[in-house]
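Taken from TrEMBL as is:
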type: COILED; residues: 169-234; note: coiled coil
type: COILED; residues: 379-420; note: coiled coil
type: COILED; residues: 531-565; note: coiled coil
type: COMPBIAS; residues: 275-286; note: compositional bias 'Polar residues'
type: COMPBIAS; residues: 287-304; note: compositional bias 'Basic and acidic residues'
type: DOMAIN; residues: 5-722; note: domain 'RecF/RecN/SMC N-terminal'
type: REGION; residues: 260-304; note: region 'Disordered'
Amino acid sequence: MFLSLKSIELSGFKSFGKKTELVFTSPIAAIVGPNGSGKSNVAEGFRFVLGEQSMKSLRSKRGEDLIWGGSPALPRMNRAGVKVVFDNSKRLLDLDFKEVVVERVVYRDGQNEYLLNGTVVRLKDVIRLLAGANIGGSGYQIISQGEADRILNARPRERREMVEDALGLKLYQHKKAESERKLEDARNNIEKTKSLRREIAPHLNFLRTQVERIEKAREMKEELAVKLNEYLAREHAWITQEDARLRQEEQVQVNELKELTESVSRSRSTTASAGQSTLRELQGTLSEREGKLSEARRESEKLGRELGRAEGALAANTVTVEQIVPVPHVRQFTRELSEVIGEAERESDVHTIKSKLAHIRGRIKAFVEGLSGFAPETNEEVRQQVERLTKSLDRVQEEEKALAGELEALRKEIAKTREAGFAAERDLLALESHVREAQGKLSSVRAARSAIQSLRQRFEEEVREGIALIGEAVHGWEKSHVPEGALHEDDRTKQEKRRREIERLKIKIEESGIGGGDAVIKEFNQTKEREQFLGKELADLESSVEKLEDIIAELEKTIDARFTEGLKHINEALRSFFSKLFGGGYVKLEVEQPKRAARSKIGEEDEGDEWEEREEEDLYAGLSIDVSLPRKKIRGLDVLSGGERALTSIALIFSFVAVNPPPFLILDETDAALDEANSKRYADMIRELGAKSQLIVITHNRATMSAAGELYGVTMGQDGVSKLLSVKLEEAEQVAK
Ligand code: ATP
């Protein structure tokens, strides 16, 4: 027969202070030896290496208790290790190796280490691997000493679990538990995700409103860019045109003013100098001629008088000097002279003074000539004198007339010159008024230029503000052509309207608080992505909840179906073993009415109190045993004797093994309570089972020993170390003592 369990090696485990190996070559191996030699330690070695977590099941309190404690002969060890070797040529275990070595080591600090073919793995990897081969975990694969009737003592619910284990449903139970754990995790995650979404929702809404506002502001900015570009293009064209026009106009005005100013100064100087000197010259000539005229008049008067006297003398025929120069005449002469001198003294003009002096000289000469005259000797002389005087008088009067005409002409000339001066002054005034006018024009052109300068400054300020609001887009105006009508004065009113509209738009944008817009949009997108991610996660979780619920339902169905089917087979096998052992009677495992299991304490007592909520499993049907012995009226487990209980337990264990044979089974003194007749029946059943499962039986019973194909003896010497030796059946009983 194929043996899946090849060997077990114990080193430092409990009483096996030295490395000891058991190699299995027969389907049934028996381990024999005296009490306390270490046989049960071998069975516990199996429990240990297959992943047993209950210290109580290993008859210990701590991990340290499992390590060889030392004796005077052999010092204690720091680790206990057990190794089992499986023949995996038939792929009993789901690993691609012909041989699989499972090893467990415990250290004094309680640390455990699990290895598969020498590689460190997790406990659950070992458990899963073995469970796949219907090894480990079950309460019946290794039946410890005195533990055979555990199934009888168990509560209906635990009993059901043992049967489920025996039927190999543990794997499904594991899967179901795992799925339930996942389901719970998924449900918790759904709650967490929902709560995260609820937390995010108000923030997301807030951000959405912000983003809508930002978007609106962006639209307004785009509108502003279009309007601003048009406005700036118009403004720039207007400013450039006006600036050039006014610059030119200013130049024209400056030139005109310069010309006018020059004309004024020219006119001023010519009018003043030329006009006045001509007038002065004319007035000089006038007074000179006036002097001459009065001299001529005096001459004329004198000649007149002399003529009168000469004519008188001619008439009287005798004329004296006294008669000729009378005293009043001298007085008259002196008065005239002093008058002219006085005039000359008051006069400042040199020409006039000179002419006065000449006049004075003439008068004196004439007077003296009059004094040096002599009395005419004859009337002829007098008549000649009269004649001469008449001629002189005529000449003087002629001269006088000419002078009067000259004076008249001079006066006219003076009046004309004066008039010309006045006209020049009027012209000057007119020029000056033109200058003022030109100055006025120039200053208004300059005012207009400074207004254009202000417009330019405002334009630059508007460009700067535009950059602050819409960035580089503001420069769009530079590329656009000059809009129609921009250069017409009429456009200025419309342009002002545009400006006001732009200002209103700017205020709206500023009020919208667009600052940090990008950061808000980024946060909104991130939050939205997070929300969508959570939404997707929620959908995934909900779908995995559905799938898990389906899996669990499917597993429950499978477990239920297999359980019902398996229980039927177990009951059949049980009945057969039972009647073999008792020679009749009746036994049956029965599913109880489902009971409400509120809170049930499960798990291992030595690992502390472990409570598990089983609310979703509130209905649970346990297993009861209905037993009735042949020839006995009373039914039920409670009335069985110790031996009867042992036999019933054995029938139960063997029925489990028969229905779902594990690769190997370890029975530690399960036959201890049997009498001779039952020991034989037990041995028969062992042989029967041995055909299906590899058996390792620890026994003191010869009948059982005889069923085994190989025998190992365990002894313990003075050093307290368990030793192992292969023995023959004949020696075995001896060794067992
Ligand atoms: P029985 O036939 O009476 O059931 P057994 O052969 O099954 O006996 P075990 O119970 O396997 O005997 O062995 C018990 C022995 O192992 C005891 O003598 C005990 O002192 C020894 N032992 C247990 N743990 C250790 C340990 N950590 N270090 C050394 N010896 C130990």
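Even glycines carry a Cβ here, placed using N, Cα and C.
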Residue counts (helix, strand, coil, in that order) that DSSP gives for the compositional bias 'Basic and acidic residues' (287-304): 18 helix, 0 strand, 0 coil
PLDDT averaged over every residue in the coiled coil (531-565): 94
Beyond the flanks of the compositional bias 'Polar residues' (275-286) by at least 6 residues, Cβ under 8 Å: 349, 351-352, 407, 410-411, 413-414, 417-418, 420-421, 424
Contact set, same chain, for the coiled coil (379-420): CB under 8 Å, 6 or more residues outside the stretch: 275, 278-279, 282-283, 285-286, 289-290, 292-293, 296-297, 299-300, 303-304, 306-307, 310-311, 313-314, 317, 319
Residues in the compositional bias 'Polar residues' (275-286) grouped by DSSP into helix, strand and remaining coil: 12 helix, 0 strand, 0 coil
